[in-house]
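Asks: Can you read through this structure? Questions will come right after.
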């Protein structure tokens with residue numbers, strides 16, 4: 001005998017209640033709670049079956065000092081940019097969740113990676129959203145007839161687990177977790193209960209058989225990963241695939257990684273035959289021309305330094321309140337820098353509309369870009385070009401002082417590699433190891449006034 005139990009689940013945060021509410025008490029979202037019926041059967045569910053041991057000792061703990069050290073060899077994904085974000089490759093038995101907007105190229109990236117890995121190891125690609133023929137059409141673009149990639153077009157979780165038990169692959173791909181369903185649950189595929197139970201079952205078999213699992217996930221209209229928040233806690237790494245659908249480059253960013261650094265960035269370019277790596281992304285975000293309102297900074301995404309252009313445009317406003325818009329930079333950061341410039345440099349910026357953008361569609365969140373933003377704003381305000389070949393690195397305090405930023409050695413090395421002539425940085429940084437370089441002139445400033453005098457000295 002089986003009976004169904006109704007629970008009400010928020011589709012935004014995954015919170016569960018016994019009765020319906022129009023507004024979720026946990027996250028505050030309206031009209032996000034739906035009813036889900038769970039069949040309580042006398043037989044065991046898939047999750048219980050694969051998680052129940054035959055005979056285990058009740059005493060299994062041990063001292064961590066006596067735990068054996070085991071060298072774990074990572075599995076290369078076949079792409080250096082993806083390996084960089086993963087921290088050196090896939091860890092056996094790990095779960096990696098990859099999310100991104102529809103049509104951004106998630107399935108293409110993972111299919112290409114699975115094809116490369118299948119040259120040297122057993123790989124299973126589970127297509128839950130497409131038929132085998134549809135996946136083959138995309139695979140034909142790669143033109144790799146020697147790959148031993150196994151393909152399974154299936155949405156039933158029980159059949160997927162049986163195939164994993166039979167094939168015992170080293171790497172498996174689930175495309176996507178929202179399309180899988182457990183027949184023991186009456187809710188529809190993609191619901192909170194389905195995603196939670198399917199993820200838990202896949203985690204158990206991945207840990208038990210030491211399978212590296214790549215899971216593709218959907219995102220909501222707000223850009224957040226769809227499904228319960230427990231999914232992000234369950235997996236070992238969370239990667240997001242970003243980019244403008246009308247631009248050619250794509251950004252792979254690490255949000256969570258238990259086996260490597262977070263906030264790492266990988267850059268790809270979409271071409272006719274799929275995605276290709278961009279080994280030198282600084283060239284992608286730099287313009288070849290100079291004009292008033294353009295400055296160059298070096299930011300750090302994880303451990304990777306990137307040289308990018310900041311573009312600013314100031315125009316006399318025709319409204320009582322000037323417009324302030326940004327692309328790739330937080331608007332509050334712009335307001336703060338404008339206030340500091342108006343206070344310390346006596347600039348009447350309140351009479352001008354200000355438009356600020358990061359070239360190439362990259363988002364810059366770190367404060368090390370402040371000095372470059374200020375230089376671009378002043379350059380546009382005075383309608384003069386900055387000195388050729390100058391790079392700005394530094395955070396601006398509310399009093400106009402320049403503050404130190406992290407990973408200065410990597411940033412300076414990137415400036416030298418790209419062949420820039422002048423670098424303006426905050427005072428107090430030890431640059432003795434770079435003094436022997438005759439091609440780069442390093443100027444140190446203690447405040448915003450001194451730094452911009454250096455930049456505009458030749459103008």
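Easy rule for this one: first residue shown is 1, then count along the chain.
Glycine too: its Cβ is placed from the backbone N, Cα and C atoms.
From TrEMBL, here are the annotated features:
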| type | residues | note |
| --- | --- | --- |
| BINDING | 100, 101, 102, 103, 104, 105, 106, 107 | ATP binding site |
| DOMAIN | 71-219 | domain 'RecA family profile 1' |
| REGION | 353-459 | region 'Lon-protease-like' |
| MOTIF | 256-260 | motif 'RadA KNRFG motif' |
Asks: Using DSSP with the three-state reduction, classify residue 107 (ATP binding site) as helix, strand or coil.
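Replies: Note: residue 107 (ATP binding site) is helical by DSSP.
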Asks: Pick from 102, 103, 105: which of these binding-site residues has the biggest number of other Cβ atoms within 10 Å of its Cβ?
Replies: 105
Asks: Going by a 10 angstroms cut-off between Cβ atoms, which of the binding-site residues 100, 101, 104, 106, 107 has the sparsest surroundings?
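Replies: Among the binding-site residues 100, 101, 104, 106, 107, the sparsest Cβ neighbourhood within 10 Å belongs to 101.
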Asks: Name the secondary structure element type, per DSSP in three states, that contains residue 102 (ATP binding site).
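Replies: Looking at the DSSP assignment, residue 102 (ATP binding site) belongs to neither helix nor strand, so coil.
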Asks: Sequence-remote contacts (6 or more beyond its ends) of the motif 'RadA KNRFG motif' (256-260), Cβ cut-off under 8 Å?
Replies: 85-88, 91, 94, 232, 235-238
Asks: With an 8 Å cut-off on Cβ distance to the 100, 101, 102, 103, 104, 105, 106, 107 Cβ center, who else from the chain surrounds the ATP site?
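Replies: For the ATP site, the extra neighbours are 241.
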Asks: On the 0 to 100 pLDDT scale, where does the motif 'RadA KNRFG motif' (256-260) sit on average?
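Replies: PLDDT averaged over the stretch: 91.
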Asks: Is it possible to list how many residues within the domain 'RecA family profile 1' (71-219) are helical, extended or coil according to DSSP?
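Replies: Counts, helix then strand then coil: 60 helix, 33 strand, 56 coil.
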